[in-house]
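K.L.:
Sending over a structure as structure tokens; questions will come in a sec.
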Amino acid sequence: MWFFERKMDKFLSLLHVWLGILCICSDRVFSAGDNKLEFIDKNMSQFVVYPYGDTAILYCNATSTSPIRYRWYKNGRKLSGRSSSLITNQPYLIFKGLVLTDTATYRCKAKIKGMKIEHDFKLIVQEKVVKGPYIDKNEGNYETILTGSNASLPCDEIRSSTLPDFRWLRWNGAVNLTILNKIAQPGNGIKITELESMVEIVPADRYRQVSKSKNGHRVHGVELMFPKVTVADRGFYTCLVLNHIGYDYKTTKLH
């Protein structure tokens with residue numbers, strides 16, 4: 001009887017320890033389930049254009065209650081060669097003295113335990129050009145779309161030999177040219193988040209890059225996609241195109 005009680009006490013002690021470990025593990029799993037990992041900037045660009053020799057910085061800052069690990073990739077592979085001088089475990093990637101071979105797709109991966117997110121940047125290094133961009137304004141100024149149908153707004157740049165930087169803006173009312181010109185000018189200190197009551201940048205995941213031949217020239221463009229148009233989509237949209245020389249824009253009314 002005494003031997004049986006000793007065995008039972010030992011078993012209960014082990015069971016208690018085992019249950020305690022199980023509870024701790026369960027707490028950890030529960031906490032991980034409640035955790036969130038997301039990029040701070042919801043409107044990170046997919047296309048980034050810089051001239052040869054400039055400095056470029058790609059940002060992908062994320063937020064979470066857990067420590068975040070970052071890793072950068074070039075065209076799906078770990079950075080190597082010239083890239084060995086780049087810091088690849090931070091939420092930014094800095095290029096100094098851009099060369100044409102830096103043109104590539106760079107993927108930022110942010111990771112916590114049990115969760116990861118990623119974002120692709122198409123970095124395009126172009127030779128120095130002497131002209132600002134020019135948008136083809138002969139199409140798509142007014143678009144009548146049936147509610148529930150798929151649609152797209154075209155924006156083609158016809159002067160530059162390579163892809164400039166495209167942005168689509170959605171106006172909450174009429175177009176304000178003063179605000180538009182301030183947004184287009186670098187270094188003006190204006191923050192688009194301060195203008196959300198008037199205008200907002202359409203998220204880049206609704207852009208579709210196009211490249212086609214028109215009148216014997218290569219034309220680059222970015223279409224704004226509308227899957228299943230709703231009444232709320234109607235309004236004014238401006239395509240803003242920039243390079244280091246200047247900018248151009250075209251406004252389309254969707255109705």
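Glycine is no exception: its Cβ is also placed from the backbone N, Cα and C atoms.
Keep in mind that TrEMBL annotations are predicted by a computer and have not been checked by a curator.
Quick paste from TrEMBL:
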type	residues	note
DOMAIN	53-118	domain 'Ig-like'
DOMAIN	133-255	domain 'Ig-like'
SIGNAL	1-31	signal peptide
K.L.:
With DSSP, how much of the domain 'Ig-like' (53-118) is helix, how much strand and how much coil, in residues?
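P.N.:
The counts are 8 helix, 31 strand, 27 coil.
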K.L.:
Which residue counts does DSSP give the domain 'Ig-like' (133-255) for helix, strand and coil?
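P.N.:
So the domain 'Ig-like' (133-255) is made up of 18 helix, 52 strand, 53 coil.
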